[in-house]
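Chemist: Dropping the structure in here first, questions after.
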Amino acid sequence: MGGAVVDEGPTGIKAPDGGWGWAVLWGCFVITGFSYAFPKAVSVFFKELMREFGIGYSDTAWVSSILLAMLYGTGPLCSVCVNRFGCRPVMLAGGLLASLGMVSASFCGSIIQLYLTAGVVTGLGLALNFQPSLIMLNRYFNKRRPMANGLAAAGSPVFLCALSPLGQLLQDHYGWRGGFLILGGLLLNCCVCAALMRPLEAPGGAQGPGPRRPARRLLDLSVFRDRGFVIYAAAASVMVLGLFVPPVFVVSYAKDLGVPDTRAAFLLTVLGFVDIFARPAAGFITGLQKVRPYSVYLFSFAMFFNGFTDLTGSTASNYGGLAVFCIFFGISYGMVGALQFEVLMAIVGTQKFSSAIGLVLLLEAIAVLIGPPSGGKLLDATHVYQYVFILAGAEVLTSSLVLVLGNFFCIGKGPGAAQEEAHRPPEDLRVDSREVEHFLKTEPEKNGELAHTPETSV
């Protein structure tokens with residue numbers, strides 16, 4: 001799944017919708033790919049880690065869980081750092097941290113050290129890259145923002161297609177230590193992407209007094225008064241318990257069936273390839289005028305489809321069955337990734353979206369820490385992969401029922417009510433317009449340009 005960050009950028013500077021923005025888009029594409037594909041791609045090293053440290057599936061699954069938890073749970077910290085130091089310095093520091101974590105992991109002598117290096121340090125570094133990159137993308141694009149966000153989100157499945165076979169290749173030739181060391185070097189490309197995040201400047205480099213936006217709280221906890229948000233947050237938290245489990249275990253499942261390592265790792269490539277096309281297709285369908293008012297129910301269907309795919313995947317007994325499972329899982333996974341934040345914005349409205357997404361990600365971070373390790377515990381106890389997929393499918397199916405039934409019986413809004421609320425002008429914009437009016441009246445003429453009245457300027 002992808003993330004979203006609402007950031008209005010510098011006041012009075014128009015988004016170029018192109019130009020250097022294409023370089024920013026490329027940087028965001030690469031960082032999104034590393035951030036979301038990396039926790040899944042390291043699962044190809046699990047078998048080797050188990051043999052090296054003499055541990056079980058649940059212990060190794062904590063590496064991916066900690067990576068995802070750091071990515072999800074450090075949103076407020078990233079916001080504070082960006083507000084204090086700016087996007088580019090934070091991303092440069094994040095790239096160095098991500099690389100340092102994987103390089104240090106290659107020298108670890110215990111699984112606990114791997115948790116701290118490959119999990120905490122690398123996860124924090126990726127988080128410090130991901131959120132600022134989306135902020136910069138939203139500053140550079142306005143009219144083309146949906147298209148830009150869609151292209152950036154495609155980095156996740158594209159990198160998943162590349163990193164999984166690359167990880168297996170590195171393990172075969174250099175072992176897991178050499179593979180971690182090389183992957184750490186690859187993560188230094190995040191610093192290159194950070195260098196692309198050039199701050200926007202006023203035309204001609206002009207600087208001067210201008211209207212200032214009123215300060216906002218870091219987190220608006222009033223969203224918990226919205227029943228729609230509470231239902232969405234509960235459903236999303238349950239969904240995440242099982243959503244990431246199949247990609248973590250499908251490679252080991254194939255190897256347990258006797259599939260060669262290279263072919264087993266190729267399953268994640270199949271999943272990622274399908275996901276590349278599923279995300280923009282789902283976004284296009286959701287944007288249709290007759291479909292968008294029912295986006296909550298479409299999201300519920302995507303969750304139901306994903307859970308049902310997990311249940312049917314538990315019946316796979318050969319490589320062909322797992323390949324078919326990965327195809328349908330990629331479709332449903334892409335639908336979930338494309339719809340989740342569109343639905344959240346429709347529920348809470350634009351003025352509360354930045355706070356709502358931060359709180360949802362914090363709640364999901366707890367579920368991410370529980371999901372894959374619980375699947376690993378079940379596998380250690382039963383040694384049957386089918387039970388792991390059944391548990392994941394049941395959790396995702398439960399989340400779809402929570403969302404659709406809660407929306408139908410508890411919220412009591414028509415299909416278009418959420419969209420109307422989302423497009424309602426926020427209160428702080430009215431305050432901002434008065435500041436603009438005061439500024440224009442006190443600056444009647446500047447640089448030879450006549451000042452317009454507020455009515456003609458808006």
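Using N, Cα and C of the backbone, Cβ positions are placed for all residues, glycine too.
If you look up TrEMBL, you'll see 21-411 marked as domain 'Major facilitator superfamily (MFS) profile'. What TrEMBL lists as transmembrane segment is 20-39, 60-85, 97-130, 151-170, 176-197, 229-252, 264-282, 294-313, 319-341, 353-372, 384-405.
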Chemist: Between 97-130, 264-282, 294-313, 319-341, 353-372, who has the most Cβ pairs under 8 Å to the transmembrane segment (229-252)?
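Modeler: Result: 353-372.
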Chemist: For the domain 'Major facilitator superfamily (MFS) profile' (21-411), what's the mean pLDDT in this predicted model?
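Modeler: PLDDT averaged over the stretch: 83.
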Chemist: Can you find at least 3 Cβ pairs under 8 Å between the transmembrane segment (176-197) and the transmembrane segment (20-39), where each pair is 6 or more residues apart in sequence?
Modeler: yes
Chemist: Go through the chain and flag residues at least 6 beyond the ends of the transmembrane segment (97-130) whose CB is under 8 A from any CB in it; none is fine as an answer.
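Modeler: 3, 31-32, 34-35, 38-39, 42, 49, 53, 55, 59-60, 62-63, 65-71, 74-75, 77-78, 81, 90-91, 177-178, 180-181, 183-185, 187-188, 190-191, 193-194.
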Chemist: As a test: from 319-341, 353-372, 384-405, pick the stretch that has the greatest number of Cβ pairs under 8 Å with the transmembrane segment (264-282).
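Modeler: Comparing 319-341, 353-372, 384-405: 319-341 has the most Cβ pairs near the transmembrane segment (264-282).
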Chemist: Given a Cβ distance threshold of under 8 angstroms, which distant residues of the chain, six or more beyond its ends, lie next to the transmembrane segment (384-405)?
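Modeler: That would be 231-232, 234-239, 241-243, 245-246, 249, 252-253, 256, 296-297, 299-301, 303-304, 306-311, 313-315, 371, 374-375, 378.
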Chemist: Which residues, given as numbers and ranges, are at least 6 beyond the ends of the transmembrane segment (319-341) yet have a Cβ under 8 Å from it?
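Modeler: For the transmembrane segment (319-341), the far contacts come to 1-4, 153, 156-157, 236, 239, 243, 246-247, 250, 253-254, 257, 259, 263, 267-268, 270-283, 286, 295, 298-299, 302-303, 305-306, 309-310, 312-313, 357.
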